[in-house]
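Copied from Swiss-Prot, the annotated features are:
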type	residues	note
BINDING	ALA9, TYR10, SER11, GLY12, GLY13, LEU14, ASP15, THR16, SER17, GLY116	ATP binding site
BINDING	TYR86, ASN122, ARG126, SER174, GLU259, TYR271	L-citrulline binding site
BINDING	THR118, ASN122, ASP123	L-aspartate binding site
Amino acid sequence: MSKEKIVLAYSGGLDTSVAIAWLKNKGYDVIACCIDVGEGKDLEAIKEKGLQVGAWKSVVIDAKRDFAEQFVLPALQAHAMYEQKYPLVSALSRPLIVQKLVAVANQYGATAIAHGCTGKGNDQVRFEAGIHALAPEMKIEDPIRDWHWSREEEIQYAKDNGIPVPITKASPYSIDENLWGRANECGILEDPWAAAPADAYDRTVSIEEAPDTPTTIEITFNEGVPTAIDGEEMPLDQLIMKLDKLAGSHGIGRIDHVENRLVGIKSREIYECPAATVLLAAHKDLEDLTQEREVAHFKPLIEQKMSGIIYNGLWYSPLMKSLVAFIDESQAVVNGVVRVKLFKGNVICEGRKSPNSLYDKNLATYTSADEFDQEAATGFIKLWELPDKVYAQVQNKNKKKVKENTSDAY
């Protein structure tokens, strides 16, 4: 009789390696699945390690391009920033990982999926809500949430099951990273008054260490999609990686944020999002040039709602699909080039041009070349002010009547 199969979201670290043994001891054939969203890991080494520690099968998937095009791009076009500050680094990768885990489960006939999230964070919700949105009958296991071990007990379990324990200096931080950025928490960062030390950062230099000379680049967008830097076209994932290094070298993208977690607690996080910071600024700048006024004023409502949906793990909800449809429609006119200066932590959009520009210099100028019909303003103002004017007239008339009636009473 064949064993029940389970797909484990596998990182190659101690926690998920121990999870392989724990799930095996529970009676599963474990399919270790490592999905690369831009962490820079050695996929082949992770694949081999999964087999060495007891996985029935080990699968690695390079999903950087899918991540960039299917998940990062909609968030960029929606200017998705949780609480107006966090570009949703980890939250964006979870629905992509879920998508791949479910696909692998279907491929191998697995009846369950396992993840390695704690019972205190947002990710457990994102994984499980996403899995059940795509595969409602799929069973879910969470070894780390279930076993309640101390670090010492986990290490002993690893030794008992022949799992190599890495002998390295323990990092005080908990780090998650992908193409779109790097998230760091724990250690001294748990004190919101303490300044983040230098070793909390990896993708960015400090403002003090940033070059004294700015770098100016031009970013090209086609229907809201960044397609080129300084005229050099490249796939979105490569563009993000290139821009990440460049912007990070100028100290751009450091975010120190105390955020409201889905599970009800506040958490202090240090984020590094160099490419995201630049692209969000440039995309918004081009939209300012090309979006019609009512669309431009309404779109932030959609952006805020989408940010919350992504953060709270509801990427596959019906509402998300509807909101993305609005964003897609709004991007048809977002074509052009934005000139951006990078300097000591600052992103300065200093020029923009577009074939869809709604800026008309002849209407905007205050010189003799002005084509704006100022005489038309008089009639427009009379119509525009009419509701408030009539309201004021009626109120004044009623106040006068009340005053007269009061005088007559005496």
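Placement of Cβ uses the backbone N, Cα and C atoms for every residue, glycine included.
The structure, with features from Swiss-Prot marked on it.
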| residue | record | Cβ contacts under 8 Å, 6 or more apart |
| --- | --- | --- |
| SER11 | ATP binding site | CYS34, ILE46, GLY116 |
| GLY13 | ATP binding site | none |
| ASP15 | ATP binding site | GLY116, ILE144, GLU154 |
| SER17 | ATP binding site | TYR10, LYS49, GLY50, VAL53, ALA158, ILE163 |
| TYR86 | L-citrulline binding site | ILE255, HIS257, GLU259, GLU269, TYR271, TYR311 |
| ASP123 | L-aspartate binding site | SER90, ARG94, HIS115, CYS117 |
| ARG126 | L-citrulline binding site | ALA91, ARG94, PRO95, VAL98, ASN312, GLY313 |
| SER174 | L-citrulline binding site | ASN184, GLU185, CYS186 |
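The two recorded residues, THR118 (L-aspartate binding site) and ALA9 (ATP binding site), show a Cα separation of 14 Å. The highest number of surrounding Cβ atoms within 10 Å, among the binding-site residues THR118, ASN122, is found at ASN122. Each of the binding-site residues ALA9, GLU259, TYR271 was scored by how many other Cβ atoms lie within 10 Å of its Cβ, and the smallest score goes to GLU259. Spread of the L-citrulline binding residues is 19 Å (greatest Cα-Cα distance among TYR86, ASN122, ARG126, SER174, GLU259, TYR271).
Within the set ALA9, TYR10, SER11, GLY12, GLY13, LEU14, ASP15, THR16, SER17, GLY116 that the record links to ATP, no two Cα atoms are more than 13 Å apart, and one pair reaches that distance.
Apart from the site residues THR118, ASN122, ASP123, the chain places the Cβ of CYS117, LYS120, GLY121, GLN124, VAL125, ARG126, VAL263 no farther than 8 Å from the centroid of the site's Cβ atoms, the recorded L-aspartate location. Between the CA atoms of ALA9 (ATP binding site) and ASN122 (L-citrulline binding site) there is a gap of 16 Å, rounded to the nearest whole number. Sitting within 8 Å of the Cβ centre of ALA9, TYR10, SER11, GLY12, GLY13, LEU14, ASP15, THR16, SER17, GLY116, and not among those site residues for ATP, are the Cβ atoms of VAL18, ALA19.
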